[in-house]
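Trainee: Copying in the features that TrEMBL gives for the protein in this structure:
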TRANSMEM  12-29  transmembrane segment
TRANSMEM  71-91  transmembrane segment
TRANSMEM  103-119  transmembrane segment
TRANSMEM  157-184  transmembrane segment
TRANSMEM  204-222  transmembrane segment
TRANSMEM  264-283  transmembrane segment
TRANSMEM  295-320  transmembrane segment
TRANSMEM  326-345  transmembrane segment
TRANSMEM  352-369  transmembrane segment
Amino acid sequence: MTAPRNSIAAQTALVAGVEILFFFPIALANCGYMDDNARVLHGYAWGRSGRIFSTLLMNALDLRVGNIQNIAPLGQFLGLLALSLTGVWLARRLSGERYPDSVTLLLCALPLVVQPFFLENLSYQFDALPMLLAQSCAVLAIGRSENDHPWRQSGTAVALLFSVMAFYQPAINTFVAVSLVVFLRDCQTTSIPLVWRCMGRNMLALLVAAILYHVLITRHFVHGSYEDGHAVMRGWQDVNTDGLLINLSGTMALLRPLLTPGPALLLGLFYAVGTVYAGWIGLRCIRERRLLSVLAGSVGLLVPVMLVVLLSGIILLLKYPIYEPRIFMSFSACLLLGNLAFLFGPFRKMRWFAALPVLYFLVLSYSYGNALKEQTRFENAQIQRLAGVLDDAGFKKGDDLFIYGDEASSPVVRNAVSAFPVLARLLPRQGLHDDDIFGFVMFRQNGVDSREHTPAEWSAARQFLGPATLVRQTPSFALYHQGHAFDLVLKQAPA
């Protein structure tokens, strides 16, 4: 038997088909991304980062406790299936229809995955499934404005938001951002008191989930050198305008490469349409001149600004934040705002225009997948060549390898980045960069096993650089050897 055209299975298949098309070039590249290179060697999980559910999930899939194994791209496919179902739910939630038409379905569901910054999330062979499930839980936690069982819905929201934090914390940004977009849509279709009740219930659920997570997880599991340096929360004395300016600066540093002249025109007009929609709803509420309506309208007018601030979201709470594309999961809400303007706002007759960003993101995805594959190939070729040189020079287990300088970059990748500057932020940073851990991991994958060093050891080893210890010199590298220490100096070719 075939599924009815408007069944959940048919709708999910349609959404999943486009999402898999977006992910397909990453699956074809089949490359480890950043932490993947270390996890595939050592199998370490995420307990120290407070992502307990991520560890439990991967252990459950492996049917074992201990080192996790690489099951990519199965993890990504499972996560995309979950987000496809979530997208169908969101389309029904926003449209108010049990079976929305295909255009409405896709424009409401696809932004959860089909957006440029999510390419990094999809690229992680180990992290992708927990990240995708966190995104799914964040959207499902929003719930409905009209519900006969508010306490049950609140309990479900708390459980889902706790799961978000235990899978991947930045997806909380998605929950808050999409809640604002849903709030705006509800102001158009639902009584204002019910809209406020739903929003209040969601924010209360977030507060309860955050307290539970802090008590049960953060206090007992979040520790380690990386977490101690980057998971430090701001104190009250650190809350100031400088923090907000740093946040905006970090946000713009990620957005700027995406907004080159052509994409800036397309995405700028798209977001402007969403801003007009927010203003249209906001002013309509304000004209009702009732207190709750005026407050709702005021929030509606601010939604476009709040969505930009929420791109980094909870990173604002950290004293030493790191701005990477993977944390911009709530960029989906920015796209969703523009899509609502074409579906339910004053631009309904132009709704096919909303497909243009999707087409551009598909083009970007395939360029990214090809560049990722080429960068990995080029980098592995360099590592294998240098591993052979070290082997010829007598490097053996127990010796120390110190790396200075940067590896050469692939000409093909440089050409791709010149066409799509955002690729420079999306592609994994080069592994061979001074004493970076990822360089040592890639050498270990090729049989060169050296321990990691302290900054003081790395600086002290420079004293061995000189003609007396020079073993081999080429235009791209120089190798020095004294005792058990091997110093590798990389000479990056000019771009």
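Each Cβ is built from the backbone N, Cα and C atoms, and glycine gets one as well.
In TrEMBL, annotation is done automatically, which means it is predicted and not curated.
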Trainee: Could you tell me what the rest of the chain brings near the transmembrane segment (157-184), counting residues at least six beyond its ends with Cβ under 8 Å?
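Mentor: Cβ under 8 Å, 6 or more out: 50-54, 57, 90, 93-94, 127, 130-131, 133-135, 137-143, 195, 198-199, 201-203, 205-206, 208-210, 212-213, 217, 277-278, 281, 296, 299-300, 303, 306-307, 310-315, 326-327, 329-330, 332-334, 336-337, 340.
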Trainee: If you count Cβ pairs under 8 Å, which stretch among 12-29, 103-119, 295-320, 326-345 touches the transmembrane segment (264-283) the most?
Mentor: 326-345
Trainee: Taking residues 6+ outside the transmembrane segment (12-29), which of them lie with a CB under 8 Å of any CB in it?
Mentor: 3, 73, 76-77, 80-81, 83-85, 87-88, 102, 105-106, 109-110, 113-114, 119, 122-123, 358, 361-362, 365-366, 368-370, 372-373, 376
Trainee: Counting only residues 6 or more past its boundaries, what in the same chain has a CB within less than 8 Å of a CB in the transmembrane segment (103-119)?
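Mentor: Contacts of the transmembrane segment (103-119) (Cβ under 8 Å, skipping residues fewer than 6 from its ends): 11, 14-15, 18-19, 22-23, 26, 80, 83-84, 86-88, 90-91, 94-95, 97, 132, 135-136, 139, 254, 258, 325-326, 328-329, 331-333, 335-336, 339, 342-343, 351-352, 354-355, 358, 361-362, 364-365, 368, 422, 426.
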